[in-house]
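Copied over from TrEMBL, here are the features:
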- Cys69, Cys74, His149, His154: Zn(2+) binding site (BINDING)
Amino acid sequence: MPNKAKKKKKKKLAKTAYEPYVRHRITDSDMLALTALPPGVDRAEWLASNTVAFFKHINLLSSALSEFCTTSTCPTACGPGNTIYFWTDEHGRKLKCSAPLYFDYALSYIQELLTDEDVFPTKAGAAFPTGFFLLVQKVFLLLFRTLAHIYWSHYNEALALGLHPHLNTMFAHLTLFCQHHALLESEDTEPLQPLITALRRQR
Ligand SMILES: [Zn+2]
């Protein structure tokens, strides 16, 4: 029994020491410097490497909350203002589906694109395809919607898990990156504009 109590205390201390650091990351980061194209770097390469990084992080955040996003809690894929997200299949048909299905389609679609050498070449000097920018825009719209759904439907669970500093940082970084590189339409970001503004004010 005393051993167990000791173990529990140790675990609690470690968590308390870690948390303030994570929370401070939001205001410590210079997001603008992180998003701008570094001198001498090819624009397509910069977009590609950031797309991969954003996908990996958002995929992780989304899977951390996946147990709360089910066909019964979220029978319709939606975002702020109850905007419904329709999935367009390979035949151009619009499908109304549950949130877990929509985001599974979205993240699988992105993963497939990122591992396609013809779209996201990894070999030095390989050319990016025509239409690369349009595909990157599509990927960022799906990533934006993934975070928008978390804010709209799972913010309380994110708070309970202590994920909100990560979520806020990721969202602030993503929206600034998209604004800087003209990746999202204002009609897509509009429902979350008050949050975008509030997160920028904090910097
Ligand atoms: Zn959900």
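The first residue you see is number 1, and the count goes up from there.
Cβ from N, Cα, C; glycine included.
In TrEMBL, annotation is done automatically, which means it is predicted and not curated.
DSSP gives His154 (Zn(2+) binding site) a coil state; it is part of no helix or strand. Taken residue by residue with DSSP, His149 (Zn(2+) binding site) is part of a helix. Cβ neighbours of Cys74 (Zn(2+) binding site) (same chain, under 8 Å, six or more residues apart in sequence): Ser98, Ala99, Pro100, His149, Ser153. Take the CB of Cys69 (Zn(2+) binding site) and look out to 10 A: across all protein chains shown you find 22 other CB atoms.
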